[in-house]
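Step one of this worksheet: look at the structure below.
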Amino acid sequence: MQSTKKAIEITESNFAAATTGYDAVDDLLHYHERGNGIQINGKDSFSNEQAGLFITRENQTWNGYKVFGQPVKLTFSFPDYKFSSTNVAGDTGLSKFSAEQQQQAKLSLQSWADVANITFTEVAAGQKANITFGNYSQDRPGHYDYGTQAYAFLPNTIWQGQDLGGQTWYNVNQSNVKHPATEDYGRQTFTHEIGHALGLSHPGDYNAGEGNPTYRDVTYAEDTRQFSLMSYWSETNTGGDNGGHYAAAPLLDDIAAIQHLYGANLSTRTGDTVYGFNSNTGRDFLSTTSNSQKVIFAAWDAGGNDTFDFSGYTANQRINLNEKSFSDVGGLKGNVSIAAGVTIENAIGGSGNDVIVGNAANNVLKGGAGNDVLFGGGGADELWGGAGKDIFVFSAASDSAPGASDWIRDFQKGIDKIDLSFFNKEAQSSDFIHFVDHFSGAAGEALLSYNASNNVTDLSVNIGGHQAPDFLVKIVGQVDVATDFIV
């Protein structure tokens with residue numbers, strides 16, 4: 001029997017985005033499509049939900065074995081190891097976390113608490129704690145260990161009668177462990193090991209020091225650092241590009257995993273939150289102040305009217321506001337995603353040629369400078385092209401219904417364009433959309449009506465062949481039928 005699975009081989013050309021109109025929107029809407037029987041790089045593709053379950057396949061939580069979705073209160077500490085010469089693995093040269101390490105570890109803990117119902121409380125070094133942090137410098141035979149990075153134990157790990165759950169250990173010979181920073185591998189290491197201490201496994205059955213595993217050994221295609229910081233493998237295997245930077249906080253599949261274990265934190269960022277430039281998140285990894293400062297994150301947001309502000313970047317960007325989607329931001333690829341169940345309402349592009357795709361909410365999309373492509377999707381959207389030759393794309397009557405119409409706020413006659421080509425494509429007719437002086441009730445009729453008193457043009461279209469138009473866009477400015485449409 002012939003396989004029904006869709007096979008995709010990741011190459012550079014897979015992610016060469018279309019640059020104009022509907023094709024650019026369609027490319028972005030299908031960017032990093034996953035699950036549903038797809039195979040990528042010869043491996044089964046897992047959905048976000050499947051990946052989250054696989055990362056938690058050991059079924060260990062601090063609430064007990066297979067006790068899922070329940071909140072938890074945990075303690076943590078930074079022991080001084082004054083009276084300990086060897087840890088449980090036989091490593092020596094033990095030392096207390098420095099002030100810098102402690103600060104970065106607390107930020108990593110905070111990033112997990114942001115997305116799940118976990119409360120962390122610090123206790124004194126000598127007190128028993130659920131999660132502990134410590135450095136080592138020599139391996140079991142007594143050699144200075146420059147090969148390993150760190151390791152940790154899942155909850156309820158019992159070895160030779162000892163409960164090792166929650167212990168996390170770090171090789172202080174590694175400079176990024178000794179001096180971790182936001183975009184450095186050290187910060188990711190802290191967040192990764194805390195993930196283990198909370199109950200997360202690697203996305204595949206591998207561990208450092210056990211053989212020589214590679215991406216070819218993965219269980220599913222999305223086992224990369226584009227989808228999970230619990231992964232060992234580069235984001236480039238799935239077409240991402242973090243530009244040599246590393247995530248500091250849980251990524252898309254990590255959020256699904258940790259919320260499966262402890263439930264979602266529905267008190268995180270419930271107000272009107274801005275991510276990127278002009279950020280009010282109070283989180284370093286969700287904020288940037290310059291074109292050279294890149295962001296790598298998965299957005300978890302519990303409410304409010306929220307904005308992706310990537311206005312300070314000069315590279316061409318592709319911004320998708322749909323849940324479980326990926327965006328290319330600040331010259332990187334697939335470096336920003338949105339967790340399941342999250343609605344981000346607004347997006348601001350930079351000075352490059354951007355593609356911005358909205359969702360079913362009432363979006364405000366601003367292209368900024370450059371030749372941008374804007375697609376609001378459902379909802380009553382406000383579209384601002386900004387300077388440059390911009391294209392406003394529509395693909396369904398529901399994108400801009402008369403009762404909830406979109407507004408194009410800054411249309412430039414003879415420069416910008418309105419793309420209705422998908423309606424012709426769907427009707428399999430090159431002239432389905434045709435402009436008329438009045439409606440007769442025939443499907444595909446389009447009419448422009450300009451009101452000079454308020455400088456607003458109504459674009460009405462009868463998509464379904466009803467008695468009245470079922471599609472209406474309000475446009476500030478005049479529109480020329482001959483030059484301003486793509487059909």
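Yeah, the Cβs are placed from backbone N, Cα and C, and that goes for glycine too.
In the three-state DSSP scheme, Tyr232 (Zn(2+) binding site) falls into the coil class. The annotation Zn(2+) binding site is assigned in Swiss-Prot to His192, His196, His202, Tyr232.
Summarising the annotation, Swiss-Prot assigns active site to Glu193. Glu193 (active site) falls within a helix when secondary structure is assigned with DSSP.
Residue environment of Gly271 (Ca(2+) 1 binding site) contains 11 other Cβ atoms, counted within 10 Å of its Cβ in all protein chains. The Ca(2+) 1 binding site annotation in Swiss-Prot covers Arg269, Gly271, Thr273, Asp301, Gly303, Asp306.
Of all the Cβ atoms in the protein chains shown, 19 others lie within 10 Å of the Cβ of Thr343 (Ca(2+) 2 binding site). Marked as Ca(2+) 2 binding site by Swiss-Prot: Gly304, Asp306, Thr343, Glu345.
Summarising the annotation, Swiss-Prot assigns repeat 'Hemolysin-type calcium-binding 1' to 348-365. Panel annotation: around the repeat 'Hemolysin-type calcium-binding 1' (348-365), residues 17, 19, 24-25, 27-29, 277, 307-323, 330, 371-384, 386, 388, 404 of the same chain, lying at least six beyond its termini, place a Cβ under 8 Å from a Cβ of the stretch.
The feature Ca(2+) 3 binding site is assigned by Swiss-Prot to Gly350, Gly352, Asp354, Gly367, Ala369, Asp372. Long-range neighbours of Gly350 (Ca(2+) 3 binding site) (same chain, six or more residues apart, CB within less than 8 Å of its CB): Phe310, Ser311, Gly312, Tyr313, Thr314, Ala315, Gln317, Gly330, Gly368, Ala369, Gly370.
Its Cβ placed at the centre, Gly378 (Ca(2+) 4 binding site) has 18 other Cβ atoms within 10 Å. Taken from Swiss-Prot, the feature Ca(2+) 4 binding site covers Asn359, Ala361, Asn363, Gly376, Gly378, Asp381.
Annotation source Swiss-Prot lists repeat 'Hemolysin-type calcium-binding 2' at 366-383. In the repeat 'Hemolysin-type calcium-binding 2' (366-383), helix, strand and coil residues by DSSP number 0 helix, 6 strand, 12 coil.
Taking the Cβ of Gly385 (Ca(2+) 5 binding site) as centre and 10 Å as the limit, one finds 29 other Cβ atoms among all the protein chains shown. Under the DSSP three-state reduction, Gly385 (Ca(2+) 5 binding site) is assigned to coil, being neither helix nor strand. According to Swiss-Prot, the Ca(2+) 5 binding site annotation covers Gly368, Asp372, Gly385, Ala387, Asp390.
Applying an 8 A CB threshold to same-chain residues 6+ apart, the list for Asp381 (Ca(2+) 4 binding site) reads Gly358, Asn362, Asn363, Val364, Leu365, Ser400, Asp406, Trp407. Feature annotation from Swiss-Prot assigns Ca(2+) 6 binding site to Gly377, Gly379, Asp381, Asp399, Asp406.
For Asp390 (Ca(2+) 5 binding site), the same-chain residues that are 6 or more apart in sequence and have a Cβ closer than 8 Å to its Cβ are Gly367, Asn371, Asp372, Val373, Leu374, Gln412, Ile415, Asp416, Lys417. In three-state terms derived from DSSP, Asp390 (Ca(2+) 5 binding site) belongs to neither a helical nor a strand segment and is classed as coil. According to Swiss-Prot, the feature Ca(2+) 7 binding site maps to Gly386, Gly388, Asp390, Asp416.
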All chains considered, the count of other Cβ atoms within 10 Å of the Cβ of Asp399 (Ca(2+) 6 binding site) is 21
What other residues of this chain sit with their CB within 8 A of the center of the CB atoms of Gly377, Gly379, Asp381, Asp399, Asp406, the recorded Ca(2+) 6 site?
-> Gly358, Asn362, Asn363, Phe375, Gly376, Gly378, Ala380, Ser400
State the Cα to Cα distance, in Å, between Gly377 (Ca(2+) 6 binding site) and Asn359 (Ca(2+) 4 binding site), rounded to an integer.
-> 5
The recorded positions listed are Glu193, Gly352, Gly376, Ala387; by CA-CA distance, the one closest to Asp301 (Ca(2+) 1 binding site) is Gly376
Specify the nearest of the recorded positions Glu193, Gly304, Glu345, Gly378 to Tyr232 (Zn(2+) binding site), where nearness means the distance between Cα atoms.
-> Glu193
In DSSP terms, the repeat 'Hemolysin-type calcium-binding 1' (348-365) comprises 0 helix, 6 strand, 12 coil
